[in-house]
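**Student:** Sharing a structure with you now.
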């Protein structure tokens, strides 16, 4: 006689207890979290307002920075309100679906933030190393003036063979 275990346990409500052992201090522990959250929301909102209103800040690095600001606001808003509710109002119950949504939001926003930081690092690397090496190639190999070399840096990479071919013909004629 074989018995199979087909028990399905999926609670509809989970209980969050806060910080075990410090239940009497949780009211005071919530104050620094609230202050940091408010500073982050106000600071990122101010940053976004300045970047939207100032036309000179509509460049890739500042667009990356504004994306980080939006993600920081979203990430903080998906974490801190529930945490403060537990610390200050003892609302320790959370629905299972809400818990899954909160975990998904936290992980998604952290992945997005890491991706944007990676893109910012690659953008700075590209600007620092690759651009200077291309500029040196154009100036030394093709004997181009600085202004003409900087123009060729703006040409998309898939057009580079055409540019190299045209310049090679010009070099051969000289």
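Even glycines carry a Cβ here, placed using N, Cα and C.
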**Student:** Identify the transmembrane segment range according to TrEMBL, selecting from 62-89, 146-173.
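**Tutor:** Matching range for transmembrane segment: 62-89.
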**Student:** Among 101-122, 123-144, find the range that TrEMBL records as transmembrane segment.
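**Tutor:** The range carrying the transmembrane segment annotation in TrEMBL is 101-122.
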**Student:** Calculate the per-residue pLDDT averaged over the domain 'G-protein coupled receptors family 1 profile' (43-125) and state the result as an integer.
**Tutor:** 89
**Student:** Helix, strand, coil residue numbers for the domain 'G-protein coupled receptors family 1 profile' (43-125) per DSSP?
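**Tutor:** Tallied per class, the domain 'G-protein coupled receptors family 1 profile' (43-125) gives 74 helix, 3 strand, 6 coil.
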